[in-house]
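Pulled from TrEMBL:
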| type | residues | note |
| --- | --- | --- |
| SIGNAL | 1-17 | signal peptide |
| BINDING | Glu243, His427, His431, Glu457 | Zn(2+) binding site |
| REGION | 290-310 | region 'Disordered' |
| ACT_SITE | Glu428 | active site |
| DOMAIN | 646-793 | domain 'Nudix hydrolase' |
Amino acid sequence: MQSLLVLGLLATTGVNAHPAHRQGKPGVQRRAVDLDKYRLGTVSHYSNTESTSTNPALRLLKRATYVETATELLKGVAPGAEFRLVEDHYVGSNGVAHVNFKQTVHGLDIDNADFNVNIAADGSVFSYGNSFYTGEIPAENPLVKRAFSDPTQALEGATRVLELPVTGEATAEPLVGVEAYSLKGTSGAQEDPEARLVYFAKPDGTLALTWRVETDVLDDWLLTYIDASSNEEIHGVVNYVAEATYEVFPWGINDPDEGDRETVTDPWDLDASEFTWHSDGSRNYTTTWGNNGFAQSNPTGGSQYENNYRPSSSSLSFEYPYDISMSTPSSYIDASVAQLYYTANLYHDLLYDLGFTEEAGNFQQNNNAKGGQGNDGIILNAQDGSGTNNANFATPADGRNGRMRMYIWTRTSPRRDCSFEAGVVLHEYTHGLSNRLTGGPRNSGCLSGGEAGGMGEGWSDFYPTATRLKPGDTRDTEYPLGAWVSGNPAGIREYVYSTNMDTNPHTYKSVDTRPSVHATGNVWATMLYEVLWNLIDKHGKNDGDKPTFDSNGVPTDGKFLAMKLVLDGMALQPCTPNFVSARDAILDADKALTGGDNQCDVSTVSNATGGALAASVCKVQFKRCFGISNPIMASSRNGNDKPELKKRAVAGSFLFRYPDGDEKKAQVALFRRSGAVRTYQHKLAPISGSVEKDDANPLATALREIKEETNLDRHSLEPLRIGKPYSFVDESISREWTINPFAFRLKDKSEGGKGEEGIMTDWEHEGWEWHDPSEVNESERFGGVPKLVNSLRRVWPEYDLGPDAGKALTSDLQRLRDDHESGARQLAGMAISTLREVIAKMDSSAMDNTWWENVRMVAWHLCKNGRESMGAAITSALVAVLDRIESVLAQSLAPPEKIQRILQAIDEQATEREVSTSRIRANFITYLRDNLYQEIASKGSIVILTVSSSSTISSCLLEAAASLGVALDLRILESRPKCEGASLAAKLLEAVDEKVKLDITLYTDSSAALAADGVDIVLIGADRISSDADVSNKTGSLPTVLSARHVTPKAKVIILSETEKIAGPGSVDEHVVEDNDPLEVTNAWNAAGMQGKAVIDSSLHPGRSKSDGKRVTIKNIYFEWVPASLIDAYVTERGLWSSGDIAKRSKWIGDEMDRFFKDL
């Protein structure tokens, strides 16, 4: 037996570190570009065993192989999505199979869209993670027109923007795969850069076509996603190198004086390293080179390692002197390399025993036909000269060498070599472990930033801390990190690892104020440290170097059991996990390994109160362990022992159905929240989720959450109503909620929807059921979330109004929403009639504050849920009515008399509105006489161009033809698809006096510039006028005005509009834009006998998937904005108004809206 003298500490007594230090003074000169701003966010979702086991469809989903089962699950969760199987599937040591998929579009990967499925030993779905893209799929295959940049240009762009040290003129040589290239001819990178054309899912919910440029420049091994059209915009960066900056939260580690060096003999585990540490199965070595890695000196910090110096011994006796007083690092380089080689190999063997095997993506040159890729032993650089006060690890995908670089630390005198800190080595190596397991061995970019990146640091702190436990340690033992290399007994983290809240007060809440990955990692590792001691207290502690297992493969002690469960959890969790999904994965790992014997021990974490590990599985035990009924409150206290409120906006969506038809009784679906969510576990609720910063609005949140939580897309939903948002405080969990309620009708299969059979709940729910909405209540027995009724009543008017009035409102709201013939003014009149009808049917026996609040809520619904794009006119008309009602309510009248007087006041308001058109007509003629009459009289005609067809426009045109005494040359754009222009021409021809000289010319819409030649006036109506005097009108108005401005600059652009169409304050972007039924367009093609319509129809088929390749989208948008800068005059029933007049009116409307609606 050969002996191997290892200089330094044994791995089992080593300490942990991933040094975190902001580079100052000597060391690597970092570029000015901050890579953190390009880090990928956390967008994945994990469905744990609690959700999969309660889903009958998933329980029955079994196929011949685990890969086929996983594939069928994906097809069910993401129907219609294109994807490919990643060839890295394997069965873990716990019997759970892991299968990974990548989403594709047009044959190209969406590089940050992953789906991982875990299959239990019995062949059933165990759990799964999903970050697939669910937004709009580009219709055109980019490989057809090839309107994207060259890969060499992409490299140039990435180099320029990120200031990479890559120089030279690159040439592209094709690699295997679609649009994949090796970029030859450059210098500055360790290997030739590579570029691959891929899609990238952006945070705004869209796809970007990008080049994924891979550059290994030592300090950073980057995957850069650079826009394939601009070569300037970088959408995201993944850094394979896990590296730290330090002067943020100093943390500690023990030093070599804690134990003496000793000679060990043949320390390898032949089950894990079957060729020993000095052979790769085909060749034996007498240096620090073997199957698991290669250790060498790297004083220059260069990229080449094969020929670097490493100690050699024909007898494999690596015995070299070392003392911490030695001042020159190069004098003990042999000892440094030997120590690094020993520690890394020993850790390889330990992780192998715990489940990090060839199939799982471990680091080995020769996998000996046991799965995985091989050829990826770790490059171990001791005394790396590329930096100081640091260490890092680069983790490419399986099959490519990992790289660890260990630096000299200059915080003490003499300087210290971090290769002698076992914890530093283990911390760096654990980055390779977590990156290879999370998302699968072929996907090393899953822990690139945010909570995911922070947890990567946490795992890398946890494993070294667990391995350094000593025989006499208890849960009161505390460990710093980085104390020896930094020369600081307190270490290099913010808090030492401790289960004592006084020593380490970290909670999940701490993450909110600690955005850096190392600070987040400190929180995560603190939670795991407490889990470690919970399991040790239950199962005892094995103080040996290796675990022992029972007949079922379960470690027999708590320390190695904790390490095993955390490792298995990494393999289960999705790409880009967060605290909650990682917690769920650890719990699932326990279910797979032990049958769930340790659920409470994993969940009962005082330092995690209110956070990721405080799952509901412990329930009663929470009280017994901590004396509190709500774990969140234990950590959400300020210095005055009062809850600190966390504000959160959410969207809550109610799904309705009418099983016996729309006129019958409605039913509402309520979903029971699972025990894995943070708040209101096991309570009934609508589909709920937080409004994220990337969501366009709360409605976008609602649709996203419905898709994520039920698998229903918008084709299965008919929007019914938007509820008035409201806020409330729940002091029991220290939250201030803002609720945005929504109501949708669930479409059945006959309507192109999925029906209730298509509902597949995710991990956030443990079931759902239909309820009579009138029976929903706030009682504890009913078991709803707080304010459930308040949310429901805001989208189901019958709850407050009663069945007659409620149905009248909902019916008329639908009528308003479906009316695309009437103009804004007519719709406002209909809204007034609806308000009158509903009031007449309401219970008016007690016309108190509740009655008045219900009336105002009816008006709010008419403004918001009728036809919101026409909402300005509806709102103005209704606030005027509410003002009259308020005056009547102030009178001392009995309820019967008062209600009659209110109905009469509404009728009076409706009558007064009827005279507006005649007043606008008169003011229009006055404007023409005052501003244009001499010019038109001299030529004997007036030329008017219009694209509008409202009754106001037609009335004014008839008046102009009759009273100006000149010929009217009227040019009308046809206004497809519904041809309102042609309808206007017919209406005028029927109504005009035969003596009037009226010459009408109809133009196609695309002929606006031709029609504008020589016109005197461009006449435009208005559906809405903003506070800035911009005008929303029929689509085609803006090109008509722009054409006239270009062709006939002297032409006057005149707006004819009632003042009630002026909206409250707000920019144009805040107003609703309708995208209407595309059938209106295609039906017009039918009438025209268009050739090729059948081809387009086949791509428009409602059942056709977006990923089918050929797809046509029809945009049928009714309205567009004409800026105030292009408008000469606003003619209203109150005269000629300026932009200042409009702003004043807008403010008045806004004030009235606040007065009537704000407190609802």
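Numbering starts at 1 and runs along the chain as it is shown here.
For all residues, glycine too, the Cβ spot is worked out from N, Cα and C.
Shown here: features listed in TrEMBL, placed on the structure.
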residue : record              : Cβ within 10 Å
His427  : Zn(2+) binding site : 32
Glu428  : active site         : 32
His431  : Zn(2+) binding site : 26
Glu457  : Zn(2+) binding site : 29
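For the domain 'Nudix hydrolase' (646-793), the DSSP counts in helix, strand and coil order read 31 helix, 56 strand, 61 coil. The CA atom of Glu457 (Zn(2+) binding site) is located 9 Å away from the CA atom of the residue listed as 'active site'. Helix first, then strand, then coil: DSSP counts for the region 'Disordered' (290-310) stand at 0 helix, 5 strand, 16 coil.
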